[in-house]
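A.B. asks: Okay, so TrEMBL annotates it like this:
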type: MOD_RES; residues: B:Thr187; note: FMN phosphoryl threonine
type: TRANSMEM; residues: B:20-38; note: transmembrane segment
type: TRANSMEM; residues: B:44-61; note: transmembrane segment
type: TRANSMEM; residues: B:73-89; note: transmembrane segment
type: TRANSMEM; residues: B:125-143; note: transmembrane segment
type: TRANSMEM; residues: B:214-237; note: transmembrane segment
type: TRANSMEM; residues: B:244-263; note: transmembrane segment
type: TRANSMEM; residues: B:269-289; note: transmembrane segment
type: TRANSMEM; residues: B:301-319; note: transmembrane segment
type: TRANSMEM; residues: B:325-344; note: transmembrane segment
Amino acid sequence: MNEFKELSWQGLWKNNPALVQLLGLCPLLAVTATVTNGLGLGLATTLVLIGSNTTVSIIRNWVPSEIRIPIFVMIIAAFVTIVQLLMNAYIFTLYQALGIFIPLIVTNCAIIGRAEAYASKNTVGKSAFDGLMMGLGFTLILVLLGAMRELLGYGTLFDGANLLLGDWATSLKITVFETDSPFLLAILPPGAFLCMGLLIALKNVLDSHMERLFAAKAEEKVVQRARVTTES
Amino acid sequence: MKFRLASSPHQHIRRDTGQVMRLVILAMIPGVLLQTWFFGWGTVIQIGLAIITAVVTEAAILELRKRDFERALKDYSAVLTAMLLAVSIPPFAPWWVIVIGTFFAIGIVKQLYGGLGFNVFNPAMAAYVMLLVSFPVQMTQWIPPVNLAQYSHNFMDALNAVFTGFSVEGFSLAQLKTGIDGVTMATPLDTVKTGLAQGFTYSETIERPIFDSVISGLGVASSWISLGYLLGGLYLLKQKVINWHIPLSMIAGLFICSLIMSLVDSDLYPSSLFHLFNGSIIIGAFFIATDPVSASTTNKGRIIFGAAIGVWVYLIREWGGYPDAVAFAVLIMNMAVPLIDYYTRPRTYGHSSSKRKSKDKAQS
């Protein structure tokens, strides 16, 4: 169980594929103009990650290490094709909005990175869970970035959520402010770089803050122990 | 004979940052006055808005960074950035354009990189490019010079136009933009660029009313404003606030490029005079490219830096998508500054130059 806890912590925060490993930046920067796009691509990536991690883990003992990379890529490509066909069938408008970036999930380094670094060395259950957590971590950042850019760019949130979640989601759209002239910088890729930089900075600030908190706690403990020894 | 004893330090810094910045602001005044004369009170309102935003942003971020914000505010660098940005944007641009721009200049471009002295890019120009890319409509709504405009406007009109988009009498920005003949007027650079694209020759396009009728190729307003900034720039040179290297090499770079091309084909390529006194070359050369933080720091490097800006301006003006290019050129060369500085390091006193060294080696 502890292993699973560690995996979640690694995937969601400490070793987050987008914020820390900086993998898969191309789709990250290109499609996160809105929350819906970010969520769609994030979920697709998560599905692929779970599938590829599981499969790689199952066959890990039979794959000769000399040709493991091509085999991993073929597995990933198979899952991407499945996801692509599924999206084509069930959420066609979002499929069109994401365009080339769905097939490009194949080239997302985060996926092959996990297959190589984790799934090819660990059991099926752990690998699948690792895929889930890494995918969720990636999705989280995609959604956050999408929210930042959509808010700055169009002044809305969850615009077009019905493309992904069905018609009921039309009511999810929140208009924070009305604007006739969208803030193009936030929508264009440079804005994604800026927002990404701000997110990474925010994570580092939180990390150093937490470190200081833990350090303070650790120091307190030392003081207590010292007092016990003097008493005895 | 009398010996005057002075204790160390014997070398003084003649001016602190605040004094330098105040001198530059002072030198901007003639240009700003002329700009106000030609384009109305909008310029002054934009400068006011920009300064307020800049000071508030700077103070807030310095407070967040737990720095002494009183001292930082007293160096006037934020005010100068605000003024440079404010004179670059159209006088009747909506208020939120300059507020967003100044916030970006101070907050993102300057403070996120570590504050004054650490910014890689020129804050005012980075913010200008950000605004131009983000709000192309608002950023290109230049009104015609006062003597060519159909409707005159006073201070209240300008204030109303900036905050609501309409003058007191209810004229919209589109109406305020029209010239005497009721046709919307473009800036001189834009006029020539569009005219050439439509198949007119250069000499035909400069017949239009936005150009001076006496000296060919000079814009009615822009040449006077450029002269105003030139005056301020020469004052800065005389006060030794800036060195001659960057302004001169930048102007020379543009001048030589435009001279060659206009000699090749004077119908397609505007004259050097046109290039130098329209748009923002003069203010760019004396006030923007000379930013001591983001420009090159060696004398040789400054010449390369300035000349390359001049060439970039020419390239983008002639073959790029935008009519003017000082901001883009300055940003491009800001990126090259570390490289330029690396290769133009002056010889340290007492050490032989690398050229000498190789000669010495060859002899031995």
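Each residue, glycine too, has its Cβ placed from N, Cα and C.
Just so you know, TrEMBL annotations are computer predictions that nobody has curated.
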A.B. asks: So if I exclude everything within five residues of the ends of the transmembrane segment (B:214-237), which remaining residues of that chain have a CB under 8 angstroms from its CBs? That is, six or more out.
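C.D. replies: Residues 23-24, 26-35, 38-39, 145, 147-148, 187-188, 203, 206, 243-244, 247, 270-271, 273-274, 276-279, 281-283, 285-287, 290.
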A.B. asks: Counting CB pairs under 8 Å, which listed stretch among B:20-38, B:73-89, B:244-263, B:325-344 touches the transmembrane segment (B:301-319) the most?
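C.D. replies: Answer, by Cβ pair count: B:244-263.
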A.B. asks: Could you list the residues of the same chain, at least six apart in sequence, whose Cβ is under 8 A from the Cβ of the residue listed as 'FMN phosphoryl threonine'?
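C.D. replies: Residues satisfying the criterion: B:Trp142, B:Ile210, B:Gly219, B:Ser222, B:Asn278, B:Gly279, B:Pro323.
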A.B. asks: Residues of the same chain, at least six outside the transmembrane segment (B:244-263), with any C-beta under 8 angstroms of its C-beta?
C.D. replies: 233, 237, 269-272, 274-276, 281, 284-286, 289-290, 295-296, 299, 302-311, 313-315, 318
A.B. asks: Using DSSP, would you call B:Thr187 (FMN phosphoryl threonine) helix, strand or coil?
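C.D. replies: Once the DSSP labels are grouped into three classes, B:Thr187 (FMN phosphoryl threonine) ends up as coil.
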